[in-house]
DNA sequence: GAATTTACCGAATTATATGCGGTGCAAATT
DNA sequence: AATTTGCACCGCATATAATTCGGTAAATTC
């Protein structure tokens with residue numbers, strides 16, 4: 001198991017990462033200007049960051065409301081048991097529900113926290129009743145409806 | 001105040017949005033093949049989606065552990081009061097803390113839920129003690145540490 | 001301090017995005 | 001039903017950007 005692969009990156013790489021997190025569509029030419037290198041080594045650095053897995057992927061961020069997704073929620077889910085088989089079965093079901101865009105195993109109040117996005121309250125309720133609560137490993141559920149989102153940064157604070 | 005601008009998009013646009021959410025780095029040529037159009041109208045559609053605000057921005061997704069960010073948490077925050085001034089003051093402070101990457105106003109258990117990412121438990125504790133709990137509008141805090149993340153999809157389920 | 005590796009630059013090449021004129025289809029108008 | 005109008009599309013030409021390559025300087029190793 002080779003997780004935790006330590007990867008090295010310097011001050012310039014950090015700046016590249018900050019810029020690409022905030023704006024992945026920047027041209028290599030502009031990026032090179034911003035970091036004070038010429039295009040060639042800039043591109044080289046970006047490729048290395050991608051190959052090393054520091055940069056995992058690139059994504060377009062959409063406006064949920066403009067595509068008809070008006071309701072976002074967090075749901076605390078308690079499972080009936082905590083054994084590996086149960087958790088894996090739960091995950092397998094969750095994976096197939098596209099409205100569940102995040103699923104984290106947590107300490108504290110619940111066992112899992114989900115982030116769910118759906119059209120409206122009605123379709124949210126339907127989703128919860130017909131899909132999530134139907135998963136047999138699910139014991140308890142507690143919903144927190146997002147009234148408004150004040151901050152949704154895609155930029156991680158890279159430690160010095 | 002023109003929020004909630006209804007924007008139209010068809011089946012082809014939907015496919016474009018799905019693809020760009022999953023992979024923003026795809027070339028226009030490849031995207032055009034995937035959706036079955038030639039490059040010119042494909043690009044036209046993407047530009048329109050950007051101009052209409054359906055596509056808000058593009059971001060690189062990093063591997064938190066590889067950049068030394070080992071601890072992610074959700075924090076339920078209760079405020080001392082719910083009036084507008086209080087909430088705004090709270091938000092202003094939260095905005096300045098780069099480790100807080102999300103902040104949502106919610107119904108249910110707490111008033112707000114934050115997503116926080118930091119180096120380790122020590123720096124997390126420091127952050128909470130010295131920054132978050134120092135905000136005078138903050139009354140209660142309840143932390144949920146993420147043990148592992150099973151799903152973190154950047155693809156929203158676009159309603160039909 | 002010599003050898004080796006690494007990171008950089010500038011310029012040529014290749015790939016990609018972009019702009020434009022023309023065409024066909026669908027919907028609206030008469 | 002025929003005509004008109006307006007889109008959305010295509011192919012091609014052009015512009016822009018990414019990528020490759022050979023050479024050089026700086027940093028690292030021995």
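Positions of Cβ are set from backbone N, Cα and C atoms, glycine also.
Per TrEMBL, the features are:
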DOMAIN    A:9-70  domain 'HTH asnC-type'
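Residue counts for the domain 'HTH asnC-type' (A:9-70) under DSSP, split into helix (H, G, I), strand (E, B) and coil, are 36 helix, 8 strand, 18 coil.
Taken as a whole, the domain 'HTH asnC-type' (A:9-70) shows an average pLDDT of 97 in this prediction.
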